[in-house]
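Student: My questions all concern the structure below.
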């Protein structure tokens, strides 16, 4: 069973439909799941507050080797903190912080390419430079070698190259929304389901 963590925000139906999972905020269901999906939209601090009662269950699942997929804000929550909510710690699964885009139009909304930097089972059968759908104002700056995909965001004469996918052991996360990314997104979710 795949547990799609319900934090009371965002439309989780498309993620659940693509994965055949169960939408839940029950710690026992999350603990008993074979895989966990941590989706998210909204404010880093507000969502971390809702996630706090599940922190231990999620960290234990990761330490037990269960595959976890973070989506959009779910990727950001896996880092140590965010400029969006100073002083509010993230899950700290990955070292590094989340910063706001500077010099480019915010938010970054629309289709953009993901360039694969390392092999990762999430991207099996997906062409390098494939397009995915993004909606975000912040991005992660990892302080360790976990980046498996990057994206170039150009606007207003400026360019930011940011980490759009990370992977280490059984923890995977993407800044884009695979559930809104057509065939490429469905393939990525299927790859996660088959891990």
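Backbone N, Cα and C define each Cβ position, glycine as well.
Note that the coordinates shown come from a computational prediction; the quantities given were computed from them, not determined experimentally.
Residues or ranges marked as domain 'Glutamine amidotransferase type-1' by Swiss-Prot on the basis of sequence analysis: 1-195. According to Swiss-Prot, the feature active site, nucleophile maps to 72. The active site annotation in Swiss-Prot covers 177, 179.
Could you place the listed features in the three-dimensional structure?
Tutor: The Cβ of residue 72 (active site, nucleophile) has 25 other Cβ atoms within 10 Å, all protein chains considered.
Cβ neighbours within 10 Å of residue 177 (active site), excluding its own Cβ and spanning all shown chains: 20.
A helical conformation is recorded for residue 179 (active site) in the three-state DSSP classification.
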Student: Could you list the residues of the same chain, at least six apart in sequence, whose Cβ is under 8 A from the Cβ of residue 179 (active site)?
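Tutor: The answer is 14, 15, 18, 71, 185, 189.
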